[in-house]
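According to Swiss-Prot, the features are:
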- 15-102: domain 'J' (DOMAIN)
- 112-168: domain 'DPH-type MB' (DOMAIN)
- C134, C136, C156, C159: Zn(2+) binding site (BINDING)
Amino acid sequence: MTNSSNNSNKCENKNYYEILKVSIDADIEEIKKSYRKLALLYHPDKLNKEENIEENINNFSNCLVNNNNNNNNSNTKDFNDIQIAWETLKDDLLRKQYDSLLLEQKRQKYSVSDEIDLDDMEFIEENSEYVYPCRCGDHYIITEDQLSEGSDVVCCSGCSLSIKVIYQME
């Protein structure tokens with residue numbers, strides 16, 4: 001059990017989509033392509049030894065001061081995060097469960113400042129998204145895909161406010 005909690009702690013500041021550098025609505029091919037690229041960059045067996053030597057020399061004084069020589073551990077940690085993210089997002093069921101978890105975390109993290117009816121939001125057909133102005137001058141944006149996945153809490157892109165979008169599934 002300790003191992004699984006360690007895995008979740010590794011990725012605690014970034015979600016799996018951020019780790020794989022894809023959007024939350026990315027398709028499996030896009031996710032796979034990004035995973036492969038990142039795996040090649042961070043896999044411990046694929047790392048360029050000369051780059052590691054040069055990096056270790058550059059970080060030598062920091063290691064002495066901090067008594068912390070975990071450069072390789074950082075690369076291994078990055079690769080492990082990438083692997084965990086891929087294993088979750090490549091499986092449809094695990095991805096849906098993970099997306100639900102992200103949504104629940106988002107709801108708990110952000111207190112809802114207002115409830116807005118979807119009909120009051122402007123629909124931007126080009127991006128298939130709904131937009132609503134925030135009092136800070138920026139906007140709340142939610143896509144049709146997010147709505148169909150059950151997402152209803154939207155954070156402003158410019159401040160810490162969030163709204164709950166009221167709508168009925170058709």
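Don't overthink the numbers, they just go from 1 along the chain as shown.
Glycine is treated like the rest: Cβ placed from N, Cα and C.
Neighbours of the Zn(2+) site: apart from C134, C136, C156, C159, residues of the same chain with C-beta atoms within 8 angstroms of the site's C-beta centroid are R135, G137, D138, H139, Y140, S157, G158, S160, L161. Sequence-distant contacts (6 or more apart, same chain, Cβ under 8 Å) of C159 (Zn(2+) binding site) comprise C134, C136, D138. Ranking the binding-site residues C134, C136, C156 by how many other Cβ atoms lie within 10 angstroms of each Cβ puts C136 at the bottom.
Counting residue by residue with DSSP, the domain 'DPH-type MB' (112-168) contains 8 helix, 28 strand, 21 coil.
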